[in-house]
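Enquirer: Before I ask anything, here is the structure I am working with.
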Amino acid sequence: MSRTSTVYLGDIRQRHGIFTIWERQRNRREVHWLMECFAEALGVFLYVFPGVGSTLGFILGGISKQQGLSSLFQIGSAYALGILFALGIAAGTSGGHFNPAVTIAFVLFRGFPVRKALRYIPAQIFGGYIACMLVYYQWRPLVNEMVDGLTAAKEEALLFTPNGPPGAFALYLLPGMTLGSVFLNEFVCGVAMNAARDVGGRLWALSIWGTEAAGGRYAAIAALTNIPATIFAVILYEVFLADSDRPVTPQALEHGHLAHGNRRLVQAEERAHNMDTVENGQSTSRNSGKVSIETYEVAPGTRQ
């Protein structure tokens, strides 16, 4: 599809005047990075909120011996559906990392700007933190009741385990497990899978229960192991599975057009092309006319 035949959403659907003005302001080069960070935080929120909520229901149901509050199937479904919502709603704005490990892998293997990565990762953790905060206040009366009950029964040792209420927010070491076996399990299976979910949840647990909720040395394993595991997985793919001679399907081409054909990206590329033409006295731009996902970020006037 040629650029001249592209039809943009604004060409066929008019927005209310105030939203048009706001959209024009939020998409300015100076502030658009805030929209990307918001999208990353929202994406993490959309799967952490249902996932942690289902996990807390499962834990509280086990403590109170009440059936039906949640189940392992519900927990898995909540995370899976939440990720689908995140990709569908927010990925179009930020690229849909929603995970510090993914962002770091993009920096190492895809040339993703380090500056943007340093914005994305705190935003992702913040999204997890807000999701855990909301879950806690929704369940607060029951959580406090269960915590008080365990304390009264002199079973405080259960609090900061996978079976205690704080265990829904921050991951803790199972009794009898060694750090080595936990590292291997996390590296291979990905129990935490996402530093944004784990660090955000642990920060919230620390906000409520103090340093007792820190998790000790296991906290570092839960939070960071997914990063080298993701990098290792990418290396395996690039070394053994990536095939540049594989044909690209029409659907993939259309997806690439939608991802990189954003009007702002196209206009930024045209401005860069025109500037190169004026400066160099030739009609070939530095990017040979290719629009990349970073064009808008590094267009003239955006470097900081």
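Residue numbering: from 1, along the chain as shown.
For all residues, glycine too, the Cβ spot is worked out from N, Cα and C.
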Enquirer: Suppose you had to name the range TrEMBL annotates as transmembrane segment; which of 100-119, 120-139 would you pick?
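Expert: In TrEMBL, the transmembrane segment feature sits at 120-139.
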Enquirer: Among 41-60, 221-240, where does TrEMBL put the label transmembrane segment?
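Expert: The listed stretch tagged transmembrane segment in TrEMBL is 41-60.
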Enquirer: Using a Cβ cut-off under 8 Å, which residues of the same chain at least 6 positions beyond either end of the transmembrane segment (120-139) come close to it?
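Expert: For the transmembrane segment (120-139), the list is 36-38, 40-45, 48-49, 52-53, 56-57, 60, 94, 97-100, 103, 168-169, 194-201, 203-205, 207-208.
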